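Read the structure below first, then the notes.
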Amino acid sequence: MCSASLRRGQVADYSEDCVCRTPRTFVVCEFYAKLSAFRACLTGFMLPLSPSLLTTLAAACLYAAATLYQGSRLATGAKANKRLLVTLGVLAVLAHSASLFTHLLTPIGLGLDFFSAASLIAAAVIALTLLACSRIPVENLLILLFPLGAATVLLAQFAPAGTVQIIDEAPGILAHILLSILAYGMFTIAVFQALLLLVQDHQLKHKHPSGLIRNFPPLQTMESLLFGFLWAGWTLLSLSLISGWLFVDNLFAQHLVHKTLLACLAWIVFSVLLWGRNRLGWRGHKAIRWTLAGFCLLMLAYFGSKLVREYILHI
């Protein structure tokens, strides 16, 4: 019975079913019994792994692999293979998006809690940067954005959710949310570009450029890219504010007034910066300071208010 069972590939509890008449058959039966127990334990361990957890871990691993690859190349002063880097990034964003899909969509609407919102914006930022890589030299930004993607996708999966209000899926509201996310994404790219520009300017002035900086485009090109992202972000933020006025019932309701005021202040800061660039030729450290100030206001408008409402006030 034992040998017949083994031919059929039945990994069952052979310690009970098999009558082992020789030391050799006893060893074989004992081996399959242990194998059966191991498979049962493995199956029991794998069952709790939800699809969202698998895609989350896949995204985090891909982001980590891309970061290590690009970092190792930049540290030695060599350029990373752009095609390989973008491929890793695209796969990571796809896994990231699949993970977000399970977190955001609920049977009654869109559940956009604090960490899911951060993860969604990070995915949008990385996707926009990967898309821009085909036209402009911004792949160096990915060395900062990939770790951001890994951190946010893991936080969205494992961090405890706050008090979440389900969002109505009316087309106007969804358009407002999409424009807001794209605006945050563009300004996030602009801020990372500003930080790299600051590091590049500092190292060039002190005449000790590192391997990372040696792979950057010229300073003037980096600055032009910064203002390109700022113009795109300003346009999207303007459309977001307009859509809010059109589709949100009361932008100055108690739970929205601080968000509205801070977003409007951020819009004014970026407007002044772009005006100063065109009229007064603002550049360098002044442009970077205004960029960081506007971004801080914008982040307070959304993430600051969301953090307080979900984790402190629980509303």
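Even glycines carry a Cβ here, placed using N, Cα and C.
Look at TrEMBL and you will find 52-72 (among others) tagged as transmembrane segment.
Marked as transmembrane segment by TrEMBL: 84-102 (among others).
What TrEMBL records for 88-312 is domain 'Cytochrome c assembly protein'.
Taken from TrEMBL, the feature transmembrane segment covers 114-134 (among others).
Beyond its flanks by at least six residues, the transmembrane segment (141-161) meets 52-53, 56, 59-60, 63-64, 66-67, 70-71, 74, 85, 89, 92-93, 96, 99-100, 103, 113-116, 118-119, 121-123, 125-126, 129-130, 133, 189, 192-193, 195-196, 212, 310 of its own chain at Cβ-Cβ distances under 8 Å. Among the features that TrEMBL reports, transmembrane segment is placed at 141-161 (among others).
Taken from TrEMBL, the feature transmembrane segment covers 173-199 (among others).
Feature annotation from TrEMBL assigns transmembrane segment to 224-248 (among others). Same-chain residues lying 6+ beyond the ends of the transmembrane segment (224-248) with a Cβ under 8 Å from its Cβ atoms: 136-138, 170, 172-173, 175-176, 179-180, 182-183, 186-187, 189-190, 193-194, 197, 217, 256, 260, 263-264, 266-267, 270-271, 273-274, 277, 287, 291, 298.
Within the chain, the transmembrane segment (260-276) has long-range Cβ neighbours (under 8 A, six or more residues past its boundaries) at 187, 227, 230-231, 233-234, 237-238, 240-241, 244, 251-252, 282, 286-287, 290-291, 293-295, 297-298, 300-302, 304-305. Taken from TrEMBL, the feature transmembrane segment covers 260-276 (among others).
According to TrEMBL, the feature transmembrane segment maps to 288-305 (among others).
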